[in-house]
Amino acid sequence: MGEKTVVIFDFDHTIIDDDSDRWVVSELGLTHLFNQLRSTLPSISLMDRMMKELHSQGITTNHIADCLKRAYLHPSILSSIKSAHSLRCDLRLISDANTFYIKTIMEHHGAWECFSEVNTNPGYVDEEGCLRIIPFHDSTLPPHACHLCPPNMCKGLVIDRIRGSLPENRRFIYIGDGIGDYCPTLKLKGCDFVMPRKDYPLWDQISSDPKLVNAEVHEWSNGEELENTLLNLINKLGIA
């Protein structure tokens, strides 16, 4: 049914109900240091610094993984991912989190293999066993020049690359919540759909001037609504 449908998920506040960075910082006792440094460092450098602090305290990547596995993922969101995959949709993920967080959580819930591609900030364990996080957009390259997006990642450029790699008849469903999801929303066409989480920054931005968005807008508030809306849209596209 969904062979010509590309479903793109954000991660924080979309697949999981929390911000994964804040979850780790809070659960592992670094909130005070995080708040001290947050105004002095870019977000990815800040989280890399937090990982170094955890390592210096003897907190291992296994501890971090155990913490991530406790993050709440609504059962309906998990089933929506697995259902969309079983309907042969092409599932992609674009996130400002990092590969270590996302892979740990999605493998824990048995959904990592549902995604054909994950675009996020690289996270890797160095030779000393410390989790390191680096920007998706290589800082040695010229800036991506998008004024809507943070320096480390323009999700709109990722959408452009994905669309350019696929046949023209592909239809997109984009699911997100944050202000970083607005740029890719503007890249969607009239035949596409965007699913902003109600009363979150993406929804607010779309609502402030709806005519700027070409895609059809379908809001959601919780896991059940996301699942029902997504599967209805997939069904609609399958019939079209």
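From the backbone N, Cα and C atoms, a Cβ is placed for every residue, glycine too.
As written in TrEMBL, here are the features:
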ACT_SITE  D10  active site, nucleophile
ACT_SITE  D12  active site, proton donor
BINDING   D10, D12, D177  Mg(2+) binding site
BINDING   D21, D96  substrate binding site
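Taking the recorded positions D12, D21 in turn, the residue surrounded by the fewest other Cβ atoms inside 10 Å of its Cβ turns out to be D21. The two recorded residues D96 (substrate binding site) and the residue listed as 'active site, proton donor' have their Cα atoms spaced 8 Å from each other. Counting other Cβ atoms within 10 Å of each Cβ, the lowest count among the binding-site residues D96, D177 belongs to D177.
For the pair the residue listed as 'active site, proton donor' and D177 (Mg(2+) binding site), the Cα-Cα distance reads 8 Å.
In this structure the C-alpha atoms belonging to the residue listed as 'active site, nucleophile' and D21 (substrate binding site) are separated by 14 Å. The record gives D10, D12, D177 for Mg(2+). Within 8 Å of the mean position of their Cβ atoms, the other Cβ atoms in that chain belong to F11, H13, T14, I15, S95, G176, G178, D181, R197, Y200.
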